[in-house]
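What follows is a structure written as C-alpha cells; I'll ask about it next.
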C-alpha cells in the first residue's frame, strides 16, 4: 500500500491562453412556463441561503474524440441546448416558484490555446484538470445555466472540453446523459439533430400534479418524517475534537476491494455499490457503537422508463435506515440494498413540506439536522448477470492488496463532518472520505476507516462473515468515551459541550446540565433572568446557539429557579423552581 498527498503537480506544465469567448445561441421547439418540479423545488431550497454552495455549479469534463474542431463543439452543444429545455430555463423564486423556458438559449464557449508543441489524446487528462480549474476561477453561479470551455492546440484541434452546468438545470444523472449524447454527436455529425420530443421538466411538473403522484409524494414525506425522528445529530463524534479550519479528502484506491466486491455482489445478488455501503455501515457501527444507522443519502429518482434519459434536476436527498445489529455480512448487504431501494421509493417528496416538518422535529428533539449525504454513490449500476458466477482465488485478491493506495487532497469545506463518495467499482474501488474539518475528523481517522472497509470486503470475498468476525476483521476499536458522554435520543452527547451551550445561550443566567435527574434525560437547572423566564424562552435560545455545538443537544427538560445554590453540581441543592417544562 502507498500513501501520498496529491499536490496537483504533473510532468508537463499546462498553460492556457484565452483567445476567444464565443456566444452560441440555439432555438428549441417551444417557449413555455409552469410550476417547478419537486426536484427543482428541492434544489431551490438548498441554494436559497447559499448561492455559492460547493455544488451550485457542476463542472465536468466532456469527452472529445480526436480531430474535433471548436466549430464541432459549438454546433453539438447547440443541439443539446435546443433538445433539452432545462438548458434554456430560468426560474422565478418565491412562494409560487415557476420555471420559464425560453425559445432561444445563449451560452458562452470560451476558447483557450495551449500554444506550440505536440498536444494529443495522452495530454487530455492533464489539460482537462487545468481547464476545469480555469473555468472554476470564472466564478459562475447557479444563475448561469451553461458555460463551456475548450483547450486547443496550435492548429485549432480541441484537446479537452469542459462545461459548468447550473445545478438548477441538471443533476449528475443528467450530466451522464449529456456526456453520452455530446460524445455521440461529435463522433457522428449526421446525428446532430434535435430529434423527437422528449420528456421535459415542464412535463414532469404536470405529471407530479396528478392525483396518483400526489399520493406518492405524501407517502414519501411520511417516510422521511418517520426516519427524521431517529436520525442522530452527528454520526461520528470523537471526544476531545476541536475545529482546525482545514478540510481534507482521502481517497482509497483498491483493486483488491473491486475483486472482492464483485464476488460478494454475485453471491448476494446485490449491487456492488450496496456491498460497499454495507461494509461502510458495518465499520461505522463498530466504531461509533450505533446498532442502527440513519443517515442522509441521495437518490437519482430515475427509476421510471420516461426518466432514464431525462435532463433536469431530479435527484433529492433522502434518509436511509440500515440496522447493522448482529447480522452476518451477506445478510447486511441484502438488508442494505433493500434499505436503499426503500429510501429511493420515497425520495420524490415535497421539499417545502419536508422543511416545515423538519423544523418541528428539530424543535421537539432539540437538535439541528445535517443534510449533506453521508454516502453518495456516483456508480450508475445495479445487480446484473455481469457479476454472476464470478470467483476470484484468495491469493489473487491478496496479491492485489499490494496495489492499494491512499491519496489525500485539500477540498472545499462541506456541510457535514464526514462523508463518503463512491466513484468507481470497475477495476478498482475508489472510495473517498471527506472531512469538513480535520480537527473534528482527522486524516488518520479517515484512513483507518477506509482501510477497515477494504479489510472487511476482502475478508467477505471468501465467504459470509458472522457479526463477531465482522468486528474482528475491521481491526477497529469502538470510540472510547468518558462518563460525560451519554446516549440520548439516538445521539451521542457530550455533557461538557452541552454545558458550553448553556453558558453561551443563557448568559447571564447560571446554568448546569445533568445527564439524568429523576428519570428525565438531559435536564438543565438555571436561574431565571429578565430575558429567560420560561422553559420556552430557554429552549429557543439553546436552539439558536446549537449549530456551533456539534456534539450537543438542547436540554430535554428545563428547571428555572430564583437563585443558584453554592454547589450547582447537586440538583437537590437547587431551590424550589419558578417554572419547569420541556420548552417544546
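Including glycine, each Cβ sits where the backbone N, Cα and C put it.
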Quick test of your reading of TrEMBL: among 191-215, 216-240, 241-265, where does it put region 'Disordered'?
191-215
Suppose you had to name the range TrEMBL annotates as region 'Disordered'; which of 545-564, 565-584 would you pick?
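So the range that TrEMBL calls region 'Disordered' is 565-584.
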When the compositional bias 'Low complexity' (566-584) is classified with DSSP, how many of its residues are helical, how many are strand and how many are coil?
3 helix, 3 strand, 13 coil
